[in-house]
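Now, the feature entries from Swiss-Prot:
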LIPID     2  N-myristoyl glycine
TOPO_DOM  2-181  topological domain 'Virion surface'
REGION    2-174  region 'Pre-S'
TOPO_DOM  2-253  topological domain 'Intravirion'
REGION    2-119  region 'Pre-S1'
REGION    84-114  region 'Disordered'
REGION    120-174  region 'Pre-S2'
TRANSMEM  182-202  transmembrane segment
TOPO_DOM  203-253  topological domain 'Intravirion'
TRANSMEM  254-274  transmembrane segment
TOPO_DOM  275-348  topological domain 'Virion surface'
CARBOHYD  320  N-linked glycosylation site
TRANSMEM  349-369  transmembrane segment
TOPO_DOM  370-375  topological domain 'Intravirion'
TRANSMEM  376-398  transmembrane segment
(Lines of atoms letter the chains of each structure in order from A and count residues from 1; the text may use other names and numbers.)
(Lines give C-alpha, C1' and ligand atoms only; values in the text may rest on other atoms or scores of the structure.)
Protein backbone atom coordinates (compact mmCIF):
# COMPACT_ATOMS: atom_id res chain seq x y z
CA UNK A 1 0.00 0.00 0.00
CA UNK A 2 2.50 2.60 0.93
CA UNK A 3 4.56 3.91 3.69
CA UNK A 4 2.98 5.25 6.80
CA UNK A 5 1.96 8.80 6.87
CA UNK A 6 5.08 10.87 7.15
CA UNK A 7 3.71 14.26 6.36
CA UNK A 8 1.53 16.34 8.51
CA UNK A 9 -1.91 14.88 8.54
CA UNK A 10 -4.71 17.16 7.35
CA UNK A 11 -8.22 16.41 8.13
CA UNK A 12 -11.38 17.97 9.45
CA UNK A 13 -10.37 21.26 7.80
CA UNK A 14 -7.13 22.89 6.88
CA UNK A 15 -6.37 23.84 10.45
CA UNK A 16 -4.65 21.14 12.41
CA UNK A 17 -6.37 22.32 15.54
CA UNK A 18 -9.88 20.92 15.35
CA UNK A 19 -12.27 22.69 17.71
CA UNK A 20 -14.37 20.63 20.00
CA UNK A 21 -17.56 22.61 20.65
CA UNK A 22 -19.77 19.64 21.44
CA UNK A 23 -17.45 18.10 24.03
CA UNK A 24 -16.60 14.90 22.08
CA UNK A 25 -13.25 13.16 21.95
CA UNK A 26 -12.26 13.87 25.55
CA UNK A 27 -8.76 12.78 26.55
CA UNK A 28 -8.03 11.90 22.89
CA UNK A 29 -9.42 8.36 23.10
CA UNK A 30 -9.95 8.24 19.30
CA UNK A 31 -6.46 9.42 18.43
CA UNK A 32 -5.14 5.85 17.79
CA UNK A 33 -7.56 5.58 14.87
CA UNK A 34 -5.57 8.34 13.21
CA UNK A 35 -2.26 6.93 14.50
CA UNK A 36 -1.69 10.22 16.23
CA UNK A 37 -0.22 8.77 19.39
CA UNK A 38 2.18 6.38 17.69
CA UNK A 39 4.00 7.27 14.52
CA UNK A 40 2.45 10.68 13.95
CA UNK A 41 2.35 12.44 17.26
CA UNK A 42 1.85 15.74 15.52
CA UNK A 43 -1.79 15.84 16.65
CA UNK A 44 -1.07 15.92 20.34
CA UNK A 45 2.03 18.04 20.04
CA UNK A 46 0.61 20.66 17.73
CA UNK A 47 1.04 23.93 19.56
CA UNK A 48 -1.89 25.53 17.71
CA UNK A 49 -4.42 22.86 18.47
CA UNK A 50 -7.28 23.38 20.91
CA UNK A 51 -6.60 21.77 24.26
CA UNK A 52 -10.30 21.11 24.71
CA UNK A 53 -10.55 22.39 28.30
CA UNK A 54 -14.26 21.74 28.52
CA UNK A 55 -14.11 18.21 27.15
CA UNK A 56 -13.55 16.63 30.54
CA UNK A 57 -16.35 18.60 32.16
CA UNK A 58 -19.46 16.80 31.09
CA UNK A 59 -22.21 18.46 33.07
CA UNK A 60 -24.55 16.43 35.24
CA UNK A 61 -27.69 15.84 33.26
CA UNK A 62 -26.06 16.60 29.91
CA UNK A 63 -27.57 13.40 28.47
CA UNK A 64 -30.81 13.51 30.35
CA UNK A 65 -32.23 14.84 33.59
CA UNK A 66 -29.79 13.95 36.34
CA UNK A 67 -28.03 11.11 34.50
CA UNK A 68 -24.71 10.69 32.67
CA UNK A 69 -24.22 7.36 30.88
CA UNK A 70 -21.05 5.43 31.82
CA UNK A 71 -19.56 5.29 28.32
CA UNK A 72 -16.06 4.75 29.57
CA UNK A 73 -13.51 4.73 26.81
CA UNK A 74 -15.66 6.58 24.29
CA UNK A 75 -16.29 9.70 26.33
CA UNK A 76 -13.24 9.50 28.56
CA UNK A 77 -12.33 8.33 31.99
CA UNK A 78 -13.48 11.28 34.00
CA UNK A 79 -15.87 10.68 36.94
CA UNK A 80 -18.63 12.27 34.90
CA UNK A 81 -18.11 9.88 32.00
CA UNK A 82 -18.08 6.87 34.35
CA UNK A 83 -21.58 7.67 35.47
CA UNK A 84 -20.64 9.17 38.83
CA UNK A 85 -22.90 12.11 39.57
CA UNK A 86 -20.49 14.73 40.83
CA UNK A 87 -20.93 18.44 40.64
CA UNK A 88 -17.93 20.33 39.35
CA UNK A 89 -17.38 23.87 40.52
CA UNK A 90 -18.38 26.50 38.04
CA UNK A 91 -15.75 28.72 36.54
CA UNK A 92 -15.47 32.17 38.06
CA UNK A 93 -17.06 34.97 36.07
CA UNK A 94 -14.78 36.97 33.81
CA UNK A 95 -13.19 40.04 35.26
CA UNK A 96 -14.97 43.34 34.69
CA UNK A 97 -13.72 45.96 32.27
CA UNK A 98 -12.61 48.42 34.91
CA UNK A 99 -10.39 45.81 36.56
CA UNK A 100 -8.83 44.89 33.23
CA UNK A 101 -7.96 48.53 32.73
CA UNK A 102 -5.96 48.54 35.95
CA UNK A 103 -8.46 49.91 38.45
CA UNK A 104 -8.23 48.31 41.85
CA UNK A 105 -11.41 47.16 43.59
CA UNK A 106 -12.85 49.47 46.20
CA UNK A 107 -12.05 48.14 49.68
CA UNK A 108 -14.94 47.34 51.99
CA UNK A 109 -15.52 50.19 54.41
CA UNK A 110 -15.56 49.20 58.08
CA UNK A 111 -18.84 49.68 59.98
CA UNK A 112 -19.50 53.15 61.27
CA UNK A 113 -20.13 51.82 64.76
CA UNK A 114 -16.51 50.58 64.84
CA UNK A 115 -14.80 53.62 63.35
CA UNK A 116 -16.98 56.36 64.88
CA UNK A 117 -19.03 55.00 67.79
CA UNK A 118 -19.96 58.52 68.84
CA UNK A 119 -21.98 58.94 65.65
CA UNK A 120 -24.21 55.98 66.49
CA UNK A 121 -25.77 57.61 69.54
CA UNK A 122 -29.49 58.29 69.08
CA UNK A 123 -29.16 61.86 70.25
CA UNK A 124 -29.40 64.86 67.97
CA UNK A 125 -27.00 66.94 70.07
CA UNK A 126 -24.30 64.26 70.16
CA UNK A 127 -24.85 63.54 66.48
CA UNK A 128 -24.23 67.16 65.50
CA UNK A 129 -21.20 67.28 67.73
CA UNK A 130 -19.90 64.20 65.95
CA UNK A 131 -20.38 65.95 62.61
CA UNK A 132 -17.72 68.45 63.68
CA UNK A 133 -15.20 65.67 63.18
CA UNK A 134 -13.89 65.97 59.57
CA UNK A 135 -13.79 62.20 59.22
CA UNK A 136 -17.45 61.83 60.20
CA UNK A 137 -18.44 64.83 58.11
CA UNK A 138 -16.73 63.33 55.08
CA UNK A 139 -19.08 60.35 55.34
CA UNK A 140 -22.10 62.60 54.88
CA UNK A 141 -20.56 65.30 52.65
CA UNK A 142 -17.98 63.59 50.43
CA UNK A 143 -17.49 66.71 48.27
CA UNK A 144 -15.08 68.57 50.52
CA UNK A 145 -16.90 67.78 53.76
CA UNK A 146 -19.16 70.82 53.57
CA UNK A 147 -22.80 71.15 52.69
CA UNK A 148 -22.21 74.55 51.08
CA UNK A 149 -20.07 73.18 48.24
CA UNK A 150 -21.35 73.10 44.71
CA UNK A 151 -21.03 69.33 44.50
CA UNK A 152 -23.43 67.87 47.02
CA UNK A 153 -24.43 64.24 47.28
CA UNK A 154 -27.86 63.31 46.07
CA UNK A 155 -30.38 63.59 48.89
CA UNK A 156 -31.76 60.34 50.12
CA UNK A 157 -35.37 59.54 50.79
CA UNK A 158 -34.82 59.61 54.54
CA UNK A 159 -33.25 63.08 54.40
CA UNK A 160 -36.09 64.37 52.24
CA UNK A 161 -38.68 62.95 54.59
CA UNK A 162 -36.99 64.36 57.67
CA UNK A 163 -36.60 67.78 56.06
CA UNK A 164 -40.27 67.88 55.18
CA UNK A 165 -41.76 66.83 58.49
CA UNK A 166 -39.26 68.17 61.01
CA UNK A 167 -36.33 70.47 61.33
CA UNK A 168 -32.79 69.20 61.65
CA UNK A 169 -32.08 68.35 65.23
CA UNK A 170 -35.68 68.91 66.31
CA UNK A 171 -37.43 66.58 68.71
CA UNK A 172 -39.16 63.52 67.35
CA UNK A 173 -42.86 63.82 66.72
CA UNK A 174 -45.11 62.34 69.38
CA UNK A 175 -47.58 60.00 67.72
CA UNK A 176 -49.90 60.15 70.74
CA UNK A 177 -50.35 63.90 70.38
CA UNK A 178 -50.88 63.55 66.64
CA UNK A 179 -53.51 60.87 67.17
CA UNK A 180 -55.32 62.85 69.87
CA UNK A 181 -55.15 65.97 67.72
CA UNK A 182 -56.76 64.19 64.77
CA UNK A 183 -59.37 62.31 66.79
CA UNK A 184 -61.25 65.45 67.85
CA UNK A 185 -61.77 66.89 64.33
CA UNK A 186 -62.77 63.47 63.04
CA UNK A 187 -65.43 63.11 65.73
CA UNK A 188 -66.72 66.63 65.00
CA UNK A 189 -66.86 65.84 61.28
CA UNK A 190 -68.77 62.65 61.97
CA UNK A 191 -71.26 64.53 64.17
CA UNK A 192 -71.74 67.22 61.50
CA UNK A 193 -72.38 64.61 58.81
CA UNK A 194 -74.85 62.86 61.07
CA UNK A 195 -76.70 66.12 61.77
CA UNK A 196 -76.78 67.00 58.07
CA UNK A 197 -78.40 63.68 57.25
CA UNK A 198 -80.89 64.12 60.09
CA UNK A 199 -81.50 67.85 59.63
CA UNK A 200 -84.97 67.20 58.24
CA UNK A 201 -85.92 64.14 60.25
CA UNK A 202 -85.04 65.65 63.66
CA UNK A 203 -87.45 68.64 63.39
CA UNK A 204 -90.14 66.36 61.99
CA UNK A 205 -89.69 63.92 64.88
CA UNK A 206 -89.80 66.74 67.42
CA UNK A 207 -92.87 68.16 65.71
CA UNK A 208 -94.58 64.79 65.93
CA UNK A 209 -93.69 64.55 69.63
CA UNK A 210 -94.97 68.09 70.26
CA UNK A 211 -98.22 67.42 68.44
CA UNK A 212 -98.73 64.09 70.18
CA UNK A 213 -98.85 65.89 73.54
CA UNK A 214 -102.24 67.33 72.54
CA UNK A 215 -103.60 64.01 71.24
CA UNK A 216 -103.07 61.21 73.73
CA UNK A 217 -104.88 58.69 71.57
CA UNK A 218 -102.58 59.22 68.60
CA UNK A 219 -102.26 61.72 65.79
CA UNK A 220 -105.60 62.21 64.00
CA UNK A 221 -106.09 63.54 60.51
CA UNK A 222 -105.38 67.19 59.84
CA UNK A 223 -108.49 69.27 60.65
CA UNK A 224 -107.45 72.08 58.30
CA UNK A 225 -109.29 70.76 55.23
CA UNK A 226 -112.06 72.81 53.64
CA UNK A 227 -114.04 72.88 50.44
CA UNK A 228 -112.02 75.71 48.87
CA UNK A 229 -108.69 73.85 48.93
CA UNK A 230 -109.42 70.15 49.17
CA UNK A 231 -106.44 67.99 50.07
CA UNK A 232 -105.96 64.31 50.71
CA UNK A 233 -105.93 62.89 54.21
CA UNK A 234 -102.61 63.59 55.96
CA UNK A 235 -101.13 64.06 59.41
CA UNK A 236 -100.79 67.47 61.06
CA UNK A 237 -97.01 67.14 60.87
CA UNK A 238 -96.94 66.85 57.06
CA UNK A 239 -99.34 69.48 55.81
CA UNK A 240 -98.99 70.58 52.17
CA UNK A 241 -98.79 74.31 51.36
CA UNK A 242 -102.45 74.34 50.28
CA UNK A 243 -103.60 73.20 53.75
CA UNK A 244 -104.57 75.88 56.31
CA UNK A 245 -102.60 73.93 58.94
CA UNK A 246 -99.37 74.47 56.99
CA UNK A 247 -98.64 77.82 58.70
CA UNK A 248 -99.00 76.24 62.15
CA UNK A 249 -96.65 73.45 61.18
CA UNK A 250 -94.07 76.01 59.99
CA UNK A 251 -94.46 77.95 63.25
CA UNK A 252 -93.86 74.84 65.34
CA UNK A 253 -90.77 73.89 63.35
CA UNK A 254 -89.41 77.44 63.57
CA UNK A 255 -89.66 77.29 67.36
CA UNK A 256 -87.96 73.89 67.28
CA UNK A 257 -85.09 75.36 65.24
CA UNK A 258 -84.74 78.18 67.78
CA UNK A 259 -84.40 75.63 70.57
CA UNK A 260 -81.77 73.74 68.57
CA UNK A 261 -79.79 76.96 68.05
CA UNK A 262 -80.10 77.71 71.77
CA UNK A 263 -78.65 74.30 72.59
CA UNK A 264 -75.78 74.91 70.18
CA UNK A 265 -75.12 78.30 71.81
CA UNK A 266 -75.08 76.71 75.27
CA UNK A 267 -72.66 74.06 74.05
CA UNK A 268 -70.40 76.76 72.61
CA UNK A 269 -70.45 78.72 75.88
CA UNK A 270 -69.57 75.59 77.83
CA UNK A 271 -66.67 74.88 75.49
CA UNK A 272 -65.34 78.45 75.71
CA UNK A 273 -65.74 78.45 79.49
CA UNK A 274 -63.84 75.18 79.75
CA UNK A 275 -60.95 76.62 77.73
CA UNK A 276 -60.85 79.78 79.85
CA UNK A 277 -62.01 82.12 77.08
CA UNK A 278 -64.69 83.75 79.28
CA UNK A 279 -62.90 85.77 82.03
CA UNK A 280 -65.82 86.34 84.39
CA UNK A 281 -64.99 87.75 87.80
CA UNK A 282 -66.17 85.52 90.66
CA UNK A 283 -68.22 86.83 93.55
CA UNK A 284 -66.06 88.14 96.35
CA UNK A 285 -67.02 86.66 99.74
CA UNK A 286 -68.97 89.17 101.81
CA UNK A 287 -69.75 91.39 98.82
CA UNK A 288 -72.41 91.29 96.13
CA UNK A 289 -70.62 93.54 93.63
CA UNK A 290 -67.45 93.02 91.64
CA UNK A 291 -65.60 95.33 89.30
CA UNK A 292 -62.46 95.28 87.23
CA UNK A 293 -59.89 98.00 87.25
CA UNK A 294 -56.47 99.01 88.54
CA UNK A 295 -55.80 97.61 91.99
CA UNK A 296 -53.40 99.04 94.54
CA UNK A 297 -52.66 95.73 96.21
CA UNK A 298 -52.61 93.45 93.13
CA UNK A 299 -49.31 92.45 91.60
CA UNK A 300 -50.95 92.22 88.17
CA UNK A 301 -53.42 94.83 87.00
CA UNK A 302 -56.90 93.80 85.98
CA UNK A 303 -56.79 96.16 83.00
CA UNK A 304 -53.43 95.60 81.41
CA UNK A 305 -51.87 94.61 78.13
CA UNK A 306 -52.91 90.97 78.47
CA UNK A 307 -55.87 89.61 76.57
CA UNK A 308 -57.87 88.78 79.69
CA UNK A 309 -57.75 90.38 83.13
CA UNK A 310 -55.91 88.32 85.68
CA UNK A 311 -57.67 89.53 88.82
CA UNK A 312 -60.94 91.05 89.95
CA UNK A 313 -61.15 93.99 92.31
CA UNK A 314 -63.80 95.15 94.71
CA UNK A 315 -63.74 98.90 95.37
CA UNK A 316 -65.39 99.95 98.64
CA UNK A 317 -65.92 103.56 99.52
CA UNK A 318 -62.63 103.80 101.42
CA UNK A 319 -60.62 103.16 98.24
CA UNK A 320 -58.99 99.88 99.26
CA UNK A 321 -59.07 97.03 96.75
CA UNK A 322 -59.72 93.35 97.30
CA UNK A 323 -58.30 91.32 94.43
CA UNK A 324 -59.26 87.76 93.51
CA UNK A 325 -57.68 85.97 90.52
CA UNK A 326 -59.96 84.83 87.73
CA UNK A 327 -60.11 81.02 87.36
CA UNK A 328 -58.31 79.70 84.34
CA UNK A 329 -61.21 77.34 83.57
CA UNK A 330 -64.95 77.26 84.28
CA UNK A 331 -64.99 80.93 85.33
CA UNK A 332 -68.55 81.49 84.07
CA UNK A 333 -69.79 78.24 85.57
CA UNK A 334 -68.34 79.05 88.98
CA UNK A 335 -69.83 82.53 88.86
CA UNK A 336 -73.29 81.22 88.01
CA UNK A 337 -73.03 78.55 90.70
CA UNK A 338 -71.99 81.08 93.37
CA UNK A 339 -74.75 83.46 92.28
CA UNK A 340 -77.41 80.71 92.45
CA UNK A 341 -76.09 79.34 95.76
CA UNK A 342 -76.31 82.82 97.33
CA UNK A 343 -80.01 83.03 96.44
CA UNK A 344 -81.03 79.36 96.79
CA UNK A 345 -79.37 77.82 99.81
CA UNK A 346 -80.71 74.33 99.10
CA UNK A 347 -78.42 74.07 96.05
CA UNK A 348 -75.45 73.61 98.36
CA UNK A 349 -76.79 70.14 99.14
CA UNK A 350 -76.13 69.09 95.54
CA UNK A 351 -72.42 69.92 95.65
CA UNK A 352 -71.37 66.33 96.22
CA UNK A 353 -73.64 65.07 93.46
CA UNK A 354 -72.28 67.67 91.02
CA UNK A 355 -68.71 66.79 91.93
CA UNK A 356 -69.47 63.13 91.34
CA UNK A 357 -70.98 63.92 87.93
CA UNK A 358 -67.99 66.06 86.97
CA UNK A 359 -65.66 63.19 87.84
CA UNK A 360 -67.32 60.86 85.33
CA UNK A 361 -65.53 60.23 82.08
CA UNK A 362 -66.97 61.49 78.76
CA UNK A 363 -67.51 57.88 77.71
CA UNK A 364 -69.95 57.34 80.58
CA UNK A 365 -71.82 60.51 79.67
CA UNK A 366 -72.13 59.46 76.04
CA UNK A 367 -73.41 56.05 77.14
CA UNK A 368 -76.02 57.65 79.42
CA UNK A 369 -77.18 60.02 76.66
CA UNK A 370 -77.48 57.12 74.23
CA UNK A 371 -79.53 55.08 76.73
CA UNK A 372 -81.85 58.01 77.43
CA UNK A 373 -82.26 58.67 73.69
CA UNK A 374 -83.43 55.15 72.90
CA UNK A 375 -84.96 53.95 76.16
CA UNK A 376 -86.07 57.23 77.73
CA UNK A 377 -89.81 57.06 76.89
CA UNK A 378 -90.08 53.45 78.04
CA UNK A 379 -88.12 54.14 81.22
CA UNK A 380 -90.38 57.07 82.10
CA UNK A 381 -93.45 54.85 82.01
CA UNK A 382 -91.67 52.19 84.08
CA UNK A 383 -90.11 54.50 86.67
CA UNK A 384 -93.12 56.81 87.08
CA UNK A 385 -94.27 55.07 90.33
CA UNK A 386 -90.80 55.61 91.83
CA UNK A 387 -90.55 59.34 91.09
CA UNK A 388 -91.79 60.33 94.61
CA UNK A 389 -88.87 58.39 96.04
CA UNK A 390 -86.34 60.55 94.16
CA UNK A 391 -86.22 63.40 96.79
CA UNK A 392 -85.69 60.83 99.54
CA UNK A 393 -82.85 59.26 97.61
CA UNK A 394 -81.22 62.67 97.04
CA UNK A 395 -81.49 63.51 100.75
CA UNK A 396 -79.88 60.22 101.74
CA UNK A 397 -77.15 60.70 99.13
CA UNK A 398 -76.22 64.15 100.48
CA UNK A 399 -76.45 63.20 104.15
CA UNK A 400 -74.18 60.17 103.73
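Including glycine, each Cβ sits where the backbone N, Cα and C put it.
Note that this is a predicted model, so its numbers are computed, not measured.
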Outside the transmembrane segment (254-274), at least 6 residues beyond either end, the same-chain residues with a Cβ under 8 Å of its Cβ set are 202-203, 206-207, 210, 329-333
Per-residue pLDDT averaged over the region 'Pre-S' (2-174), given as an integer: 55
Per DSSP, the topological domain 'Intravirion' (370-375) contains 6 helix, 0 strand, 0 coil
Grab the same-chain neighbours of the topological domain 'Intravirion' (370-375) for me: Cβ-Cβ under 8 Å, and only residues 6 or more beyond its ends, written as numbers and ranges. none
